[in-house]
Each structure stands twice: as C-alpha cells, then as structure tokens.
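Pulled from Swiss-Prot, these are the features on record:
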| type | residues | note |
| --- | --- | --- |
| BINDING | LYS50, ARG90, GLU91, GLY92, VAL93, LYS94, ILE102, CYS115, ASP116 | glutathione binding site |
| BINDING | CYS58 | [2Fe-2S] cluster binding site |
| DOMAIN | 33-138 | domain 'Glutaredoxin' |
| TRANSIT | 1-28 | transit peptide |
Amino acid sequence: MFGRISTRALLRPAFTHRIPSVSLSRFLSTETKQAIESAIESAPVVLFMKGTPEFPQCGFSKATINMLGQQGVDPMKFAAYNVLEDAELREGVKEFSEWPTIPQLYVNKEFVGGCDIVMNMAQTGELAKLLEDADALVPEEEE
C-alpha cells in the first residue's frame, strides 16, 4: 500500500538553503535594449569600445581596432560606439551580450567576443574568414 521510502529522502535535511542563480544581467530598460539592437544593426561590423577608433582609451580597445585595420575592414561597413560617453550603454552592452568586458565585437549582428577572442581568431585565420564571409573587407582592386 505504501511505497518504499527513498533513503535519500530520509537523509536529506528538511530545509535546504537554495541560493538563487546569479546572472550578469539585470533587466535592461526597453530604450537601452532597443538602442543596442539598433547599434548592432547599423553596420556589418560593430565595435563597442572605450574611446574612438582615432583615440582609443584603453589598450584592449586599441588592440582590437588595430587588428580590424590589419584585417582590412572597410570603414564604410564599420561602426564604433564609445561606451565611455554613456554609462547606461557601457553597462547595457555587458548585460546584453552577457560578456563582462569591453571592447565587444559584433559581426553581422552576432556577438564575436572581446579583445582576447578577436586576437585568437586573427591568429588562427578565423577572423579573416568571418569578415570575408560578412563582405566587410575593403574590396581588392582589380588590375
């Protein structure tokens, strides 16, 4: 009539303290989320960085800009956003991508990663292929 009682149930304490999972993201405001989505859609290659391409304000942003330049990214297909100008943007992009650091690179609306990932992809040739597939490189002159 009564089923067997699991020994695990007997050994388990009646009260278990559960810690809620901690997430990097809080609820983004609708306006911030829409602004980030709009920025990501503004060009095939989008970089959220500290400073500007002409005047990067951190070594990682500078290294990422230099790598994109070495890869031959077409300036007409590139957009950069200075997160130092807007605290909501700075925190929002981290939450949006669930990536804790800046710079953050997007190609064709897909999050690629930060400086370390971009550098690794450049070394393996993956970045060149990704940018070529996105048609984001300066076209080669026909001779």
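Keep in mind that glycine also has a Cβ here, set from the backbone N, Cα and C atoms.
Features recorded in Swiss-Prot, as mapped to the structure shown.
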| residue | record | DSSP (3 states) |
| --- | --- | --- |
| LYS50 | glutathione binding site | coil |
| CYS58 | [2Fe-2S] cluster binding site | coil |
| GLU91 | glutathione binding site | helix |
| ILE102 | glutathione binding site | coil |
| ASP116 | glutathione binding site | helix |
Query: Could you state the CA-to-CA distance between ASP116 (glutathione binding site) and CYS58 ([2Fe-2S] cluster binding site) to the nearest Å?
result: 14
- request: Work out how many Å separate LYS50 (glutathione binding site) and CYS58 ([2Fe-2S] cluster binding site) at their Cα atoms, rounded off.
  value: 6
- line: With neighbours defined as other CB atoms within 10 A, the best-packed of the binding-site residues GLU91, ASP116 is GLU91
- line: By a 10 Å Cβ neighbour count, the lowest-scoring of the binding-site residues CYS58, VAL93, ILE102 is CYS58
Query: Hey, what's the widest CA-to-CA gap across LYS50, ARG90, GLU91, GLY92, VAL93, LYS94, ILE102, CYS115, ASP116, the glutathione contacts in the record, in Å?
result: 21
- request: Whole-number Å only: compute the distance from the Cα of CYS58 ([2Fe-2S] cluster binding site) to the Cα of VAL93 (glutathione binding site).
  value: 17
Query: What count of other C-beta atoms do you get within 10 angstroms of the C-beta of LYS50 (glutathione binding site), across all chains shown?
result: 18
